[in-house]
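> Before I ask anything, here is the structure I am working with.
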Amino acid sequence: MAKDVEVAERGSFSGKDYQDPPPAPLIDAEELTKWSFYRALIAEFIATLLFLYITVLTVIGYKHQTDHADACGGVGILGIAWAFGGMIFILVYCTAGISGGHINPAVTFGLFLARKVSLIRAIMYMVAQCLGAICGVGLVKAFQKSYFNKYGGGANSLADGYSTGTGLGAEIIGTFVLVYTVFSATDPKRNARDSHVPVLAPLPIGFAVFMVHLATIPVTGTGINPARSLGAAVIYNQDKPWDDHWIFWVGPFIGAAIAAFYHQFILRAGAAKALGSFRSNPHN
């Protein structure tokens, strides 16, 4: 899901001579003149469309099966979690070399805060992701309108018995797990140090999505992706998902911000570097 996966190894396996790639500019108008930028937007749009189509269809199919069979019918929560995690694994693998494979405004926001992408790219990615999500859920409704309306359209909302604070906390922590995994799996310093070890970055990212869904489906239906929540809310368009909708933007963005700060300024000691790296000062 990170943009700079293509960063070359610049240092020894130990990482001692490694130097971080330069941060992305805040405003990079030159991007707007490049075909690669628009190709990346198309990739984000299509990936998010496919993600929502497969996953929402899985949710609705499960509810339909359990409604017409015994309680153990259908894929169950485990199968739904696998659908979300598996699709992220597939789509990140397919698009990482084109757009970075974000497929999630919260991931894009976290990478923007870490200066991995410019403001222009971050905003346009989020627009493409949201439009792709709306179109993906729209396809589900077009193909299965009666089931779509009957079984809630795969929309996220706070489950009965849980407080707003609990739902918000679940979204914050769940998104933190995801974005922290994204930073760790795509860290160019790790790639330089462990280049002799074959690591497939989309795999841990997909597993993170899978595990978070197992934990939070009973609470919020698992958002951790504002585009996913928006797409289902727009097409289903009922009061309950809209009443709770703010949770699925505020929570993921807070979780992404915390993950970006934790990885960049604590694990990677970005704060020390920003203050001039006191350890390298011979007068200290």
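From the backbone N, Cα and C atoms, a Cβ is placed for every residue, glycine too.
Pulled from TrEMBL, these are the listed features:
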type	residues	note
REGION	1-24	region 'Disordered'
TRANSMEM	40-62	transmembrane segment
TRANSMEM	74-98	transmembrane segment
TRANSMEM	118-140	transmembrane segment
TRANSMEM	199-219	transmembrane segment
TRANSMEM	246-267	transmembrane segment
> Cβ pairs under 8 Å only, please: of the recorded stretches 40-62, 74-98, 118-140, which one is richest in them relative to the transmembrane segment (199-219)?
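It is 74-98 that shares the most Cβ pairs under 8 Å with the transmembrane segment (199-219).
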> The transmembrane segment (40-62): which same-chain residues, six or more beyond its ends, come within Cβ distance under 8 Å?
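Distant contacts of the transmembrane segment (40-62): 74-76, 79-80, 83-84, 87-88, 91, 94-95, 98-103, 121, 124-125, 128-133, 135-137, 139-140, 144, 147-148, 151-154, 227-228, 231-232.
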